[in-house]
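Visitor: Straight from TrEMBL, here's the annotation block:
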DOMAIN    37-313  domain 'Deacetylase sirtuin-type'
BINDING   62-81, 144-147, 253-255, 279-281, Ala297  NAD(+) binding site
BINDING   Tyr106, Arg109  substrate binding site
ACT_SITE  His162  active site, proton acceptor
BINDING   Cys170, Cys173, Cys211, Cys216  Zn(2+) binding site
Amino acid sequence: MTLLSTNNFPKVLNIACRRTRLHPFSCNSPQSLFCSQTMASSDFSAFREKFGKAKNIVVLTGAGVSAESGVPTFRGAGGLWRTFAAQDLATPEAFARNPSLVWEFYHYRREVMASKHPNPAHIAIAECEKRLKPQNRDVTVITQNIDELHYRAGSKNVLELHGSLFKTRCVRCHDVRVNRDSPICDALAGKGAPDPSAEDARIPEENLPRCTKDNCGGLLRPHVVWFGENLDRSVLNAAQRKLDACDLCLVVGTSSVVYPACLFAPEVASRGVPVAEFNVEPTDVTDSLGFHFRGPAGEWLPKALGPHPDENI
């Protein structure tokens, strides 16, 4: 699998790649890239004081936030679809080899979302953004999740690092479109059962989702970033601009092992910006950050991002 090219990429990527060789989706001891390491504080009052003064807030979110809505993460024990791990199917090579199987996997993930809803963490972030906007204070979500739950909760400023389950891209003309059809094509109706005993549908390629732009007819793929692929440069650049400008950063529900997102919070903290991690357990980067609050995001964020006495509401 390839490394991300650093040509004209944001400076956080250049920092990392100058110091170590990192797999594009796996971060090797990210705290070793940054020299500032102290014990993270659990002083919630101190965090709230920082929050009350912050003008440009970035919230980095990972799979743990979606997991609290019941979204399968395909990680850890029991994290298989049929007999496959996500990394077995979420690759360009897997799609080239068996597009029917890969589309079954993503069809299942799309259909699952019909029964999933934003949880208190998503809602707290969205309500915070809405409340702070009239105060000329900015809240931006930079997410590794592809389920669009942040949008459904009401967040407006969302950067999706890894794309979206509900967008497609043509492998021929590269047209990207929103697609919320259920099923996405007739041949996938009722397919994608996750049970290990389920048989592969073996759908002919011509019956899989096809491009409708100007009668192109090319095969569609999910518009998500697969293992071994580069992240969208425009999204990365936008994320870096927000990280450069932020004066408070929250890291929520992420294991901090996926590159390049695992580098963002330590890089921000190394500049002296307050960074608070909210997670069910410590991560490899915890001690390079300012704060760590252990537990479900849905329990912490409503009080962490709630109105502060200094706000002009």
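Even glycines carry a Cβ here, placed using N, Cα and C.
What TrEMBL says about a protein is an automatic prediction, not a curated fact.
Since we're looking at a predicted model, the values are computed, not measured.
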Visitor: So around the Zn(2+) site, Cys170, Cys173, Cys211, Cys216 aside, which residues have their CB within 8 A of the centroid of those CB atoms?
Guide: Val171, Arg172, His174, Asp175, Thr212, Lys213, Asp214, Gly217, Gly218, Leu220
Visitor: Calculate the distance in Å between the alpha carbons (Cα) of Cys173 (Zn(2+) binding site) and Ser66 (NAD(+) binding site), and round it to a whole number.
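Guide: With distance taken Cα to Cα, Ser66 (NAD(+) binding site) is 32 Å from Cys173 (Zn(2+) binding site).
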Visitor: Between Cys170 (Zn(2+) binding site) and Gly62 (NAD(+) binding site), what C-alpha distance do you get in Å?
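Guide: Rounded to a whole number, the Cα-Cα distance is 27 Å.
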Visitor: In which DSSP state, out of helix, strand and coil, do we find Cys170 (Zn(2+) binding site)?
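Guide: The residue in question, Cys170 (Zn(2+) binding site), is strand (DSSP, three-state).
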Visitor: Can you name the residues of this chain that are 6 or more positions from Gln144 (NAD(+) binding site) yet have a C-beta less than 8 Å from its C-beta?
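Guide: For Gln144 (NAD(+) binding site), the qualifying residues are Thr61, Gly62, Ala63, Leu161, His162, Thr254, Val258, Ala261.
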Visitor: Indicate whether Ser66 (NAD(+) binding site) is helix, strand or coil by DSSP.
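Guide: Helix, per DSSP.
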Visitor: Looking only at Cβ atoms, how many others are within 10 Å of the one on Cys170 (Zn(2+) binding site)?
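Guide: Other Cβ atoms found within 10 Å: 21.
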Visitor: Of the binding-site residues listed here (Tyr106, Arg109, Cys211, Cys216), which is spatially closest to Gly70 (NAD(+) binding site) when Cα positions are compared?
Guide: Arg109
Visitor: Do any residues at least six apart in sequence from Phe74 (NAD(+) binding site), in the same chain, have a Cβ closer than 8 Å to its Cβ, and if so which, in order?
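Guide: The list for Phe74 (NAD(+) binding site) reads Leu80, Trp81, Ala85, Ala86, given in order along the sequence.
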Visitor: Measuring CA to CA, name the entry from the binding-site residues Tyr106, Arg109, Cys211, Cys216 that ends up nearest Val280 (NAD(+) binding site).
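Guide: So, of the listed binding-site residues, the one sitting closest to Val280 (NAD(+) binding site) is Arg109.
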Visitor: Could you check which of these binding-site residues, Tyr106, Arg109, Cys211, Cys216, sit within 10 Å of Gly253 (NAD(+) binding site), going Cα to Cα?
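Guide: Close binding-site residues: none.
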Visitor: Test of understanding: give the count of other CB atoms lying within 10 angstroms of the CB of Gly253 (NAD(+) binding site).
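Guide: For Gly253 (NAD(+) binding site), the 10 Å Cβ neighbour count is 26.
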Visitor: Taking just the CA atoms, what is the gap between Cys211 (Zn(2+) binding site) and Ser66 (NAD(+) binding site) in Å?
Guide: 30
